[in-house]
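Engineer: Sharing the feature lines straight out of Swiss-Prot:
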TRANSIT   1-24  transit peptide
BINDING   50, 98, 183, 187  Mn(2+) binding site
MOD_RES   58  3'-nitrotyrosine
MOD_RES   68  N6-acetyllysine
MOD_RES   68  N6-succinyllysine
MOD_RES   75  N6-acetyllysine
MOD_RES   75  N6-succinyllysine
MOD_RES   114  N6-acetyllysine
MOD_RES   122  N6-succinyllysine
MOD_RES   122  N6-acetyllysine
MOD_RES   130  N6-acetyllysine
MOD_RES   130  N6-succinyllysine
MOD_RES   202  N6-acetyllysine
């Protein structure tokens with residue numbers, strides 16, 4: 001929905017208008033586990049606030065912004081369309097990123113991936129441990145707020161690590177297909193780990209849902 005509305009060229013303007021006219025509002029996805037299911041690695045208070053407040057705010061603000069964008073399209077107001085781009089990117093990215101993040105985690109997670117994903121990690125990073133070190137370093141090294149990502153470069157057929165600032169969506173800003181995202185905004189860890197981001201990164205590996213990451217990897221290879 002977001003990409004068609006925002007990124008369409010002039011030749012796609014008429015279809016986009018029709019699409020927006022019948023669009024459905026975004027909604028907050030349910031978590032596939034209880035708020036306390038990831039303890040002791042991520043506590044219930046963090047998960048509840050993160051999901052029901054922070055993610056919900058991105059969803060609500062995205063819906064409001066899309067309504068304003070729809071009005072601007074209908075009026076042919078290009079200035080207003082341009083002015084709304086930052087809000088679309090921020091709130092749309094926040095919704096996309098968190099929707100991936102929740103499924104990337106599991107109370108039954110941790111350990112190592114298996115099969116083709118593990119082989120691809122070894123091929124592109126040397127070993128699973130080297131991969132963990134590189135993604136951890138990229139995530140810890142984000143200045144301010146942002147995300148660390150494992151993505152897939154479809155053109156090269158390779159896994160790549162990237163860091164995105166704020167809520168910039170990985171695919172929309174780098175072209176990489178997102179497989180695993182690590183939220184390093186302070187709201188993701190501060191209530192439990194204070195300002196020690198490396199401790200949060202160390203803990204989150206215990207709840208990574210490798211089945212979900214593998215499913216994403218296999219899907220983007222098709």
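Each residue, glycine too, has its Cβ placed from N, Cα and C.
These figures come from a predicted structure and were not determined experimentally.
Distances, neighbours, how buried they are, the whole picture for these features please.
Structural biologist: Non-local neighbourhood of residue 50 (Mn(2+) binding site): 98, 183, 187, 188, each in the same chain, at least six residues away, with C-beta under 8 Å from its C-beta.
Residues near residue 58 (3'-nitrotyrosine) in space but far in sequence (CB under 8 A, at least 6 apart, same chain), listed by position: 90, 91, 94, 95, 98, 167.
Non-local neighbourhood of residue 68 (N6-acetyllysine): 80, 84, each in the same chain, at least six residues away, with C-beta under 8 Å from its C-beta.
Neighbours of residue 75 (N6-acetyllysine), defined as other CB atoms within 10 A of its CB across all chains, total 10. A helical conformation is recorded for residue 75 (N6-acetyllysine) in the three-state DSSP classification.
Under DSSP, residue 114 (N6-acetyllysine) is assigned to coil, being neither helix nor strand in the three-state scheme.
Annotation note: residue 122 (N6-succinyllysine) sits in a helical segment as assigned by DSSP. Cβ neighbour count for residue 122 (N6-succinyllysine): 13 (other Cβ atoms within 10 Å of its Cβ, all protein chains included).
Note on residue 130 (N6-acetyllysine): other Cβ atoms within 10 Å of its Cβ, all shown chains, come to 13.
In three-state terms derived from DSSP, residue 202 (N6-acetyllysine) belongs to a helical segment. In the shown protein chains, 15 other C-beta atoms lie within 10 A of the C-beta of residue 202 (N6-acetyllysine).
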Engineer: For residue 114 (N6-acetyllysine), what is the tally of other C-beta atoms lying within 10 angstroms of its C-beta?
Structural biologist: 11
Engineer: May I ask which of the modified residues 75, 114, 130 is closest to residue 202 (N6-acetyllysine) if we compare their C-alpha atoms?
Structural biologist: 130
Engineer: Take the C-alpha atoms of residue 122 (N6-succinyllysine) and residue 130 (N6-acetyllysine) and report the distance between them in angstrom, rounded.
Structural biologist: 9
